[in-house]
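See below for the structure under consideration.
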2 protein chains.
Amino acid sequence: MPIEKFAPISRAACIGGGVIGGGWVARFLLAGIDVRLFDPHPDAERIVAEVLANAERAYGLLTSAPLPRRGRLSFCASVAEAVEGAQWVQESVPERLDLKRRVLAEIDAAAPAEALIGSSTSGLKPTDLQEGLTHPGRLFVAHPYNPVYLLPLVEIVGGAQTVPATVERAKAVLDAIGMKGVVIAREIEAFVGDRLLEALWREALWLIKDDICDVETLDDVIRYSFGLRWAQMGLFQTYRIAGGEAGMRHFLAQFGPCLQWPWTKLTDVVDLDDTLVEKIGAQSDAQAAGLSIRELERIRDENLVGIVQALKAGQSGEGWGAGKLLKEFEQRLWAQAGHTAPPVDMKAPLELVETRVSPAWIDYNGHMTEHRYLQVFGDATDALLRRIGVDLAYVEGGHSYYTVETHLRHLDEAKLGEGLVCTTQILATDEKRLHVFHRLHAGPERREIATGEHMLLHVDTSAGRATPAAAQVLSALDAIAAAHAGLERPAAAGRAIGHKARLATPA
Amino acid sequence: MPIEKFAPISRAACIGGGVIGGGWVARFLLAGIDVRLFDPHPDAERIVAEVLANAERAYGLLTSAPLPRRGRLSFCASVAEAVEGAQWVQESVPERLDLKRRVLAEIDAAAPAEALIGSSTSGLKPTDLQEGLTHPGRLFVAHPYNPVYLLPLVEIVGGAQTVPATVERAKAVLDAIGMKGVVIAREIEAFVGDRLLEALWREALWLIKDDICDVETLDDVIRYSFGLRWAQMGLFQTYRIAGGEAGMRHFLAQFGPCLQWPWTKLTDVVDLDDTLVEKIGAQSDAQAAGLSIRELERIRDENLVGIVQALKAGQSGEGWGAGKLLKEFEQRLWAQAGHTAPPVDMKAPLELVETRVSPAWIDYNGHMTEHRYLQVFGDATDALLRRIGVDLAYVEGGHSYYTVETHLRHLDEAKLGEGLVCTTQILATDEKRLHVFHRLHAGPERREIATGEHMLLHVDTSAGRATPAAAQVLSALDAIAAAHAGLERPAAAGRAIGHKARLATPA
């Protein structure tokens with residue numbers, strides 16, 4: 001990867017640790033970046049710990065790629081202490097210009113000269129934030145969306161004094177940790193996303209105030225229609241399709257007159273008085289139907305994870321939008337893991353996959369669905385293959401291992417959210433064949449819940465026939481096979497169906 | 001199901017068959033409803049056929065539930081001919097009040113007295129549409145969203161003369177076919193969804209006109225942030241969470257002052273002149289990067305399918321939003337299929353599952369991923385169990401069959417979009433055990449691509465131990481087993497890994 005496109009950092013400072021600041025902390029830590037945090041609020045440690053717990057849960061569901069070792073988090077007693085040695089400083093203090101200016105001046109005075117300084121402001125113009133700084137060229141707006149640890153977008157907005165290279169570097173740092181840095185060409189208050197949200201929000205308040213609908217109906221209108229569209233294509237791409245073969249210009253020509261219609265009430269600003277606040281509050285309580293904020297957060301995060309994973313399978317497997325972003329991030333992680341894989345004890349079965357039972361894996365009986373066991377075993381086989389040099393480049397070179405036969409035994413059940421570890425033993429190899437035995441362990445007590453025995457053949461993928469593997473692959477394989485030769489052969493290996501087995505997972 | 005909640009119909013009329021009208025045609029046909037269509041446009045047959053092809057492709061990816069036999073489509077020469085015998089008439093002609101009134105008067109004069117009449121108008125008030133009708137009480141707005149065959153929302157809006165029972169019946173008909181009928185309490189022009197869209201659209205036009213960003217940047221801002229949120233929770237539920245434990249009222253109190261800020265340009269209406277149209281057109285071409293409208297439609301539909309399926313797994317497996325809706329629809333289809341399952345030739349292996357290779361099933365090698373084979377075999381086992389009476393009620397009663405052992409052989413590959421049929425042979429049974437053999441066939445030539453041999457045990461699910469199945473289950477099972485006794489035993493049954501096998505699917 002060219003350094004210009006991805007610029008990983010190893011140390012960040014976060015000033016302010018509320019919902020947004022805490023989200024930044026989680027993003028950085030899970031990307032392997034050490035974070036030094038300053039937040040004088042008495043509840044700061046608790047809030048950050050809660051956000052971080054949510055983020056770790058969500059990442060466990062989001063990806064099975066090898067995330068780097070989590071960064072270290074330090075709570076600091078001052079701005080100056082927090083920004084020491086930081087490559088990126090993120091300011092997320094309350095939305096008041098005077099306060100932000102004071103905090104940014106402190107950051108500017110104490111941070112290393114080359115540190116980037118991003119502000120989480122959702123509306124203030126960077127030019128206004130730069131006033132009075134000694135080194136204003138490195139300050140920019142980096143406006144994220146809640147939950148920061150899952151939503152990829154960061155609007156990057158430079159002010160009058162921001163150096164162009166700052167914007168480029170900021171984008172490269174964000175892109176390196178799997179976020180989507182989007183550069184806004186010209187600064188205006190509230191930038192792009194909040195402008196759009198604000199417009200829609202005002203109209204929504206009128207609809208509620210005038211009793212056209214209640215908040216649940218309004219939310220349903222969004223999430224059963226254009227909300228689904230916008231998770232994958234935005235406004236203009238969607239309308240391009242709506243215009244059909246006649247194209248975008250034709251669509252706009254049709255749409256034009258509507259702008260003169262008296263549809264929206266936007267020329268007036270609704271008065272958000274006590275009556276309206278109480279009305280919305282009561283309707284929102286009814287909509288939540290007893291679910292707490294914590295429960296709603298969990299539901300939201302699981303949904304977002306599922307949506308991003310669905311988009312990862314989009315555009316015929318290449319990924320689309322936020323899913324493509326995840327896929328590319330995972331590919332970089334896999335590539336890095338290939339270069340820095342920690343040494344393992346080769347004399348024991350290899351621990352190649354560690355994962356967690358995702359909600360999407362649970363069937364109508366409340367148990368982990370049958371084929372998800374095979375998914376985990378498949379992931380373990382993939383990890384073994386990468387370890388012996390059968391990586392994407394090898395596959396693109398026209399060779400791969402294909403599974404020809406599988407034998408699964410279900411011994412016990414796995415529960416939602418439970419941690420899983422898969423161990424892999426090589427039973428036999430020759431120049432074309434690879435015979436492996438996986439065991440799946442659940443929970444802290446590592447009870448064995450399933451085994452998978454697999455025969456793989458090395459193939460020339462274009463010719464579609466078996467062929468000997470490359471010398472370096474065979475040599476890597478032989479090294480593991482030799483180390484495993486001393487292991488006891490699993491009693492179940494080579495068994496056919498009909499042997500007695502303990503019972504387990506639902507059909 | 002109480003008849004008030006779901007009111008299935010068997011015959012609908014569609015007046016107008018463009019993108020929206022054609023979407024309605026597809027929705028009705030795929031729900032098993034016969035459709036009579038009138039559209040004088042010379043391209044109507046082609047357009048409807050294209051929309052229907054998209055819809056069938058999307059449904060094939062969306063659900064493996066037993067959809068009813070597709071309804072019959074007839075092209076009619078007049079409104080009067082189309083509405084004959086219709087229980088629901090959907091008007092989707094161009095958005096001009098005079099034209100709609102003329103067409104609705106024709107419909108009203110010719111349709112059966114008890115027929116519901118819905119208008120697809122995206123902005124006209126139902127009261128205005130009712131003027132001059134003889135039976136205005138049955139007219140209402142039924143405003144869908146593109147693509148109509150995938151997005152569930154229909155805004156139901158009654159006018160001054162609409163009878164309340166009409167609105168209730170309309171909702172029950174839509175709910176029965178898996179859509180989400182949302183009743184808007186008071187009519188206004190553009191209802192709720194288009195009001196919100198219009199507000200955001202106007203602001204978007206300003207952002208483009210003023211060069212704050214281009215259309216691709218604006219779309220990215222949406223789809224990497226709040227678009228993902230809104231696919232699963234709307235505006236108010238999202239802000240409820242943002243407010244944290246302090247709640248919605250606290251959030252609103254904070255938000256209030258922003259409404260006075262000069263953020264939006266909405267007090268002016270942008271002039272969508274030729275210059276702006278050309279600017280957006282050119283930016284939209286660049287964003288599409290050569291993808292045609294047909295390609296964009298396919299990508300959009302695959303993404304929507306994936307998102308809805310992801311939401312089906314949400315809220316810990318219960319489903320959420322559009323995914324919960326799909327789940328409930330599928331459960332009704334399964335329940336109906338249980339009661340009306342067609343007789344099958346019991347002397348042959350049972351054909352219990354017919355599906356298609358979904359894009360989400362394709363791995364980095366371009367082949368169907370290993371565990372998806374087991375997913376199809378699992379679906380076939382589930383279908384067999386339902387057939388012998390092991391349905392949701394039986395499982396909720398505390399008994400089920402669990403798979404204890406599986407043996408898979410991969411013989412050939414499956415391609416994206418290819419049709420799959422799974423056949424199931426019962427090898428042996430006793431009061432606790434069920435030994436089955438599945439074969440998976442691909443393509444019109446039905447080449448055998450994989451086999452799955454499975455041993456299942458009947459269990460008491462709370463005690464977690466094997467127990468004899470209920471008498472009626474055993475009797476249903478024995479009937480099939482007896483019929484299958486004459487079938488040849490598969491040569492691969494009872495094999496252990498190590499036997500020679502032809503090669504196939506990627507690891």
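Each residue, glycine too, has its Cβ placed from N, Cα and C.
Just so you know, TrEMBL annotations never went through curation; they're auto-generated.
Taken from TrEMBL, the feature NAD(+) binding site applies to B:GLY16, B:GLY17, B:GLY18, B:VAL19, B:ILE20, B:GLY21. For B:12-186, the entry in TrEMBL reads domain '3-hydroxyacyl-CoA dehydrogenase NAD binding'. What TrEMBL records for B:191-256 is domain '3-hydroxyacyl-CoA dehydrogenase C-terminal'.
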- Item | Listed in sequence order, residues with CB under 8 A of B:GLY16 (NAD(+) binding site) and six or more positions away | B:PHE38, B:ASP39, B:GLU91, B:SER92, B:VAL93, B:PRO94, B:VAL103, B:SER120
- Please average pLDDT over the domain '3-hydroxyacyl-CoA dehydrogenase C-terminal' (B:191-256) for the predicted structure. 86
- the domain '3-hydroxyacyl-CoA dehydrogenase C-terminal' (B:191-256) - residue tally per DSSP class, helix then strand then coil: 51 helix, 0 strand, 15 coil
- Query: What is the Cβ neighbour count of B:VAL19 (NAD(+) binding site) at a 10 Å cut-off, with all protein chains included?
  - Reply: 18
- Item | Cβ-based isolation winner (fewest other Cβ atoms within 10 Å) among the binding-site residues B:GLY17, B:GLY18, B:GLY21 | B:GLY18
- Interface-proximal binding-site residues, chain A, C-beta separation under 8 A, candidates B:VAL19, B:ILE20, B:GLY21: B:VAL19
- Which same-chain residues, if any, lie at least 6 apart from B:ILE20 (NAD(+) binding site) yet have Cβ under 8 Å of it: B:SER92, B:SER120, B:PRO144, B:ASN146, B:VAL148
- Using an 8 Å cut-off from the Cβ centroid of B:GLY16, B:GLY17, B:GLY18, B:VAL19, B:ILE20, B:GLY21, can you name the remaining same-chain residues around the NAD(+) site, in sequence order? B:CYS14, B:GLY22, B:GLY23, B:TRP24, B:ASP39, B:ILE47, B:SER92, B:SER120
